[in-house]
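Colleague: Found this in Swiss-Prot, in case it helps:
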type	residues	note
TRANSMEM	1-21	transmembrane segment
TRANSMEM	29-49	transmembrane segment
TRANSMEM	79-99	transmembrane segment
TRANSMEM	101-121	transmembrane segment
TRANSMEM	128-148	transmembrane segment
TRANSMEM	156-176	transmembrane segment
TRANSMEM	200-220	transmembrane segment
TRANSMEM	225-245	transmembrane segment
TRANSMEM	254-274	transmembrane segment
Amino acid sequence: MIKPGIILGNIICLSGGFFLALNEKLSKIFFLKTVFGLILIISSSCILNNIIDRDIDKKMNRTKNRFLCINTNVFLLKILFFFSIILLILGLLVFYIYINFLCTIISFFGFFFYVYLYSYLFKRKTYFSTFVGSVSGSLPPIIGYVAVNNCLNRCCTILFFMFSFWQIAHSYSIIIYRYSDYKLLNLPVFPILYGKLKTIIFISICILNLFFFNFLLYFFGYVKFFYFLYTSFFIFLWFIFSFLSNSRYFTIKIWSRIMFFFSIFIIFMISFLMSLNNF
């Protein structure tokens, strides 16, 4: 229901932004409160996403055994809905009371984009849903950064574009790997509407943009050279591999699965090296 993998990934991204901004000592409790607030809001988002997507999930091999696909009791849905609202309110209160008002606004903004705009409004209607979803996916490192600095600046803008482009490339890799499921549901996603080849080209463009905005972090002095060197190397490898979908060594299904895991590795390394930047 609460998708532990998504929560863990977002905690890692938040940590990257948090420690990137950290120039002086803050208590460990402050960091844990920031993480706790994020966990509450993402848990709420995941529950509501499962409620909204339960009819789609029933038809997909990857998701057909999820809790709400098996248990369709209306009373249960109401309980889960109210529980998710409680989690949202608690998360916002944690940010408002213990962190700052700006984090509260940004986290609610992410919730709104993911639950209402992406899951409810756009996912079944337009391929732009992926871009809308990437907005919410880009916010955890910004929340971490703002928790420390209590301001939005140029670094936040760079982080926004970095993580948005990563999110799109990551999502399209999943869709290509699960292509038959999305084709069966006839969801209006880019790979179904425009084909795998154009999607692969678009993935490469997104990775190139990630490389560019990652460079801007170094260019404007937000990160040290060691961060730029190592992250550039890993992003470059990901970029090169994005051109190997039609090679004799991989089927496109195997390629897309490797791209998916590669993307997870990339975002982990970016966030991890950000966390080390000021140490």
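Each Cβ is built from the backbone N, Cα and C atoms, and glycine gets one as well.
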Colleague: Can you tell me which parts of the same chain pack against the transmembrane segment (29-49), counting only residues 6+ beyond its ends and a CB-CB cutoff under 8 A?
Modeller: 1-3, 6-7, 10-11, 14-15, 18, 80-81, 83-85, 87-88, 90-92, 94-95, 98-99, 103, 107-108, 110-111, 114-115, 119, 136, 140, 143-144, 147
Colleague: Same chain only, please: residues at least 6 beyond the ends of the transmembrane segment (156-176) with a C-beta under 8 Å from a C-beta of the stretch. Say none if there are none.
Modeller: 13, 17, 130-131, 133-135, 137-142, 145-146, 182, 189-192, 196, 199-200, 202-203, 206-207, 209-210, 213-214, 216-217, 220, 222, 242, 252-253, 256, 259-260, 263-264, 266-267, 270
Colleague: Considering only the recorded stretches 1-21, 101-121, 200-220, 225-245, 254-274, state which has the highest number of Cβ pairs under 8 Å to the transmembrane segment (128-148).
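Modeller: Stretch with the highest Cβ contact count: 1-21.
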Colleague: Using a threshold of three or more Cβ pairs below 8 Å, and leaving out pairs closer than 6 in sequence, do the transmembrane segment (1-21) and the transmembrane segment (225-245) count as in contact?
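Modeller: Stretch pair does not touch.
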Colleague: Below 8 angstroms Cβ to Cβ, which residues of this chain, lying six or more residues outside the transmembrane segment (1-21), approach it?
Modeller: 31, 34-35, 38-39, 42-43, 46-47, 50, 67-68, 80, 140-149, 155, 159, 163, 222-223, 264, 267-268, 270-279
